[in-house]
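Q: For E335, D359, the entry in Swiss-Prot reads active site, proton acceptor, with the evidence type sequence analysis. Taken from Swiss-Prot, the feature Mn(2+) binding site covers E335, D359, H525.
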Amino acid sequence: MIQHPRIGIRPTIDGRRQGVRESLEVQTMNMAKSVADLISSTLKYPDGEPVECVISPSTIGRVPEAAASHELFKKSNVCATITVTPCWCYGSETMDMSPDIPHAIWGFNGTERPGAVYLAAVLASHAQKGIPAFGIYGRDVQEANDTDIPEDVKEKLLRYARAALATGLMRDTAYLSMGSVSMGIGGSIVNPDFFQEYLGMRNESVDMTEFTRRMDRGIYDPEEFERAMVWVKEHIKEGVDRNREDLILSKEEKEKQWEFVIKMFMIGRDLMVGNPRLAELGFEEEAVGHHALVAGFQGQRQWTDHFPNGDFMETFLNTQFDWNGIRKPFVFATENDSLNGVSMLFNYLLTNTPQIFADVRTYWSPEAVERVTGYTLEGRAAAGFLHLINSGSCTLDGTGQATRDGKPVMKPFWELDESEVQAMLENTDFPPANREYFRGGGFSTRFLTKGDMPVTMVRLNLLKGVGPVLQIAEGYTLELPEDVHHTLDNRTDSGWPTTWFAPRLTGKGAFKSVYDVMNNWGANHGAITYGHIGADLITLASMLRIPVNMHNVPEEDIFRPKNWSLFGTEDLESADYRACQLLGPLHK
């Protein structure tokens with residue numbers, strides 16, 4: 001059984017015996033325990049289990065104790081460390097020198113002992129040795145016997161832990177390409193060096209004929225297939241067929257297509273993570289899967305010109321339920337856009353929530369909306385908005401039909417209930433695919449995302465000579481008047497899933513206007529997650545050494561390793577590029 005990645009907690013202490021060290025043992029170890037309790041009681045893994053921490057076997061005052069801690073962490077699948085101390089310690093003697101995992105240090109802000117002095121000293125050693133570390137120092141002085149973690153310290157500890165766990169969860173997993181390059185899209189030109197050096201992941205690939213091989217040879221669970229067919233007939237609403245009359249399939253042909261796309265879902269899932277049932281059926285090799293944390297399906301055009309498209313498969317892999325019940329989502333990219341798949345993966349690992357994959361299709365200015373509909377935009381939509389619409393697939397969680405405190409949300413699977421599942425299904429239909437585009441047919445996913453959800457749109461791009469760069473746009477989904485929505489939606493393909501999105505503007509740079517956001521977006525796709533998580537993404541990007549070229553996160557929320565400030569404090573964007581370029585990828 002594969003262990004969860006863990007956070008290692010390192011209590012460091014003044015090594016002087018005969019009074020000094022002894023007086024600090026309890027306070028120092030209690031700091032470590034309080035950090036471990038905070039993380040384990042607040043954060044969860046994608047499977048819903050509490051995050052696990054490992055505390056060093058003793059306080060760390062000298063090199064042998066640092067080495068013992070390091071050995072324990074190596075055996076315990078520790079993916080990141082947090083060093084805590086209320087006092088002076090010996091900097092380079094007590095630091096963790098592992099170069100390939102993130103590090104953070106919390107120096108207690110108290111006057112009796114110089115925890116802040118150690119923090120500054122050890123961060124200087126980290127900078128000298130080229131091993132980045134995050135510095136955490138509370139804003140307010142605490143009493144020496146105060147065991148509470150201040151709110152500002154909690155925020156940084158949790159932001160660091162979320163991002164660090166994401167690096168550990170990615171490591172030693174795979175991106176699985178089902179097919180190859182789709183329609184010349186750059187993101188589907190999969191770059192194995194990026195995956196290996198920045199994420200610690202490997203790449204695997206199968207030809208799309210693997211789907212037909214498994215169908216023809218019965219390499220799927222026939223009992224599950226029968227159960228799925230019953231469930232689909234009971235719960236899935238087939239939408240209006242908008243095809244030309246000569247392209248409309250017969251009822252019998254559509255029935256066959258439903259059977260086909262259900263098998264596609266089952267095979268796509270089994271390819272990613274395996275299925276023990278296949279071994280029982282005599283297919284031991286196929287039963288193990290590809291250990292894929294994220295995958296993509298090429299589809300267009302070689303597959304979709306002949307076979308039903310992948311929309312149903314993609315939709316339900318990214319959704320948190322199917323005929324087997326509520327479960328965690330998969331991360332699955334349309335058109336094998338690996339870079340948008342990774343963007344979705346970053347979002348997912350930071351939030352444990354399913355992701356919207358969308359084309360960043362259109363900027364609608366207030367003037368254009370008024371000209372076309374006669375409606376004057378107001379509220380969050382007043383400056384215009386973006387039409388986010390994928391070509392036929394999207395997680396059903398993207399409907400916004402789940403709620404928390406009466407408001408629409410996308411939430412982890414362990415919070416989802418059956419009434420919310422039913423609401424998602426009732427507010428979605430599955431029209432036959434547009435056969436002018438998808439000659440082989442299939443079924444698209446059609447819904448409208450509810451408005452007023454805080455969301456973050458993300459995109460990873462590759463820039464020759466630089467490497468990966470990340471873009472982040474926080475904002476809100478919108479709910480337009482029904483007639484306005486229909487007028488605008490019908491100008492595209494109204495059989496596809498739509499999200500209206502207004503990024504939060506700052507009045508400068510790429511966020512001077514909604515038009516500037518669209519104009520500076522680096523690719524045709526974006527990954528959209530529930531919540532404003534831009535600050536967490538910036539922290540994660542710094543751990544992976546990926547510079548952020550565009551974001552609208554308030555400066556006070558930016559949390560990067562301390563040595564980033566040594567690259568400059570006025571122009572943080574340029575300093576980020578220089579730091580990432582000098583340090584290089586995390587796993588190189």
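From the backbone N, Cα and C atoms, a Cβ is placed for every residue, glycine too.
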Q: Let's check the environment of E335 (active site, proton acceptor): how many other CB atoms sit within 10 Å of its CB?
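A: Step by step: centre on the Cβ of E335 (active site, proton acceptor), count other Cβ atoms within 10 Å, giving 27.
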Q: D359, H525: which of these recorded positions has the highest Cβ count within 10 Å of its own Cβ?
A: H525
Q: Roughly how many Å lie between the Cα atoms of E335 (active site, proton acceptor) and D359 (active site, proton acceptor), rounded to a whole value?
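A: That comes out at 11 Å between the alpha carbons.
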Q: I want to verify one value. Collapsing DSSP to three states, which class is D359 (active site, proton acceptor)?
A: strand
Q: Neighbourhood of the Mn(2+) site (E335, D359, H525): other residues with Cβ within 8 Å of the Cβ centroid, in order?
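A: So the additional residues around the site are I185, G187, T334, D337, N340, F357, A358, N390, S391, A523, N524.
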Q: I'm trying to understand the geometry here, so how far is the Cα atom of D359 (active site, proton acceptor) from the Cα atom of H525 (Mn(2+) binding site), in Å to the nearest whole number?
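A: Rounded to a whole number, the Cα-Cα distance is 4 Å.
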